[in-house]
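A.B. asks: This is the structure I have questions about; it appears just below.
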Amino acid sequence: MTTKSYILGFGSHAPERILTNTDMEAFVDTTDEWITTRTGIKQRHIAAEGETTSDLGAKAALQALANAGLHADALTHILVATCTPDAMCPSTACLIEHKLGVSGLMALDLNAACSGFLYALNMAQGIVALTPDAKVLVVAAEVLSRRINWNDRSTCVLFGDGAGAVIVGSHPNEGRAVEVADSLLSSDGALGDLLLISGGGTSVPYKHGQPVGDEFFVRMEGREIFKHAVRSMARVCEELLERNGIAREDVDMLLPHQANLRIIEAVGKKLGIPADKVFVNLQEYGNTSAASVPLALADADSKNLLPPGRTVLLTTFGGGFTWGAVLLRT
């Protein structure tokens with residue numbers, strides 16, 4: 001019999017500083033109306049100088065631990081999904097481990113861009129299946145504000161900083177069981193150049209004494225991203241529902257990657273899921289990449305939107321291309 005995996009606690013953290021659309025009018029050629037009508041975003045959180053991805057991730061982790069009624073010394077593994085790590089080495093996971101005051105855990109980072117949290121959640125499922133006593137901290141955290149060209153209106157209005165976290169284990173908390181029932185993940189590396197940060201790696205290294213170019217910031221082909229994101233998320237959701245014998249009308253909540261309201265609405269429409277069943281909070285946070293889904297999950301949990309008996313469908317799409325869906329049962 002396969003060991004089941006459950007989310008034991010939810011946590012999130014966003015930086016204190018808020019940058020509104022109106023604030024952005026002062027330094028980029030845009031307006032609140034232009035941003036809102038095209039993206040649905042009203043504001044985003046921006047990390048303070050010196051505030052790092054591991055800082056945000058550790059705070060989200062502490063909240064998830066408190067929500068689960070656990071101390072950090074109960075953890076056995078730490079998985080961190082990020083494309084904006086503190087450093088190339090050591091891993092952000094090891095830095096979070098240290099900030100939680102523990103050591104001796106298996107700790108690693110993974111990069112699947114905006115799909116990172118779902119990839120990490122799938123890995124946590126596998127760990128729990130192999131080690132039923134494991135308690136896995138899954139963190140997704142990003143400081144994208146330092147990888148944005150703030151003169152590029154097509155990208156700088158979209159992204160924000162934040163972190164989300166969950167604790168995964170085989171024994172549900174008394175009175176609350178959020179089962180990670182199934183997942184389906186995919187990728188297509190042939191399309192990687194449509195959404196990327198190429199600078200800083202071995203293909204486009206930093207060269208001493210030379211100015212940092214656009215290669216070190218997020219670059220994307222918006223129209224192509226929209227088309228592929230909607231098609232990929234809708235298709236993977238359909239496949240996951242069919243595999244589990246679930247009709248679309250039996251989905252109680254669709255919680256998609258909070259990238260752009262137009263994409264979210266198009267995915268919901270393609271799946272035939274009414275808007276009142278689609279969770280949206282990007283108006284408050286913008287696109288936080290890998291952090292968007294766990295941040296939204298923690299938000300939904302805090303609003304008591306995950307009561308017993310719910311079928312919840314998570315889906316995401318990101319650079320790579322990567323995409324996927326996860327089925328939760330409460």
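Here the Cβ of each residue, glycine as well, is placed from N, Cα and C on the backbone.
The following feature annotations were taken from Swiss-Prot:
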| type | residues | note |
| --- | --- | --- |
| ACT_SITE | Cys114 | active site |
| ACT_SITE | His257 | active site |
| ACT_SITE | Asn287 | active site |
| REGION | 258-262 | region 'ACP-binding' |
A.B. asks: What is the interatomic distance between the Cα atoms of Cys114 (active site) and Asn287 (active site), given in whole Å?
C.D. replies: 9
A.B. asks: In sequence order, what residues of the same chain, 6+ apart, have a Cβ less than 8 Å from the Cβ of His257 (active site)?
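C.D. replies: Set apart from His257 (active site) by at least 6 residues yet with Cβ under 8 Å, we have Cys114, Ser115, Met233, Asn287, Ser292, Val293, Thr315, Thr316, Phe317, Gly318.
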A.B. asks: On the three-state reduction of DSSP, what should I expect for Asn287 (active site)?
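C.D. replies: Its secondary structure by DSSP: strand.
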A.B. asks: With DSSP as the reference, give the number of residues of the region 'ACP-binding' (258-262) in helix, strand and coil.
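C.D. replies: Its residues divide into 2 helix, 0 strand, 3 coil.
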A.B. asks: Mean pLDDT for the region 'ACP-binding' (258-262), rounded to an integer?
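C.D. replies: A mean pLDDT of 97 is what the model gives the region 'ACP-binding' (258-262).
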A.B. asks: Quick check on the active-site residues Cys114, Asn287: which one has the highest count of other Cβ atoms within 10 Å of its Cβ?
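C.D. replies: Buried the deepest by this measure is Cys114.
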A.B. asks: Should His257 (active site) be counted as helix, strand, or coil on the basis of DSSP?
C.D. replies: coil
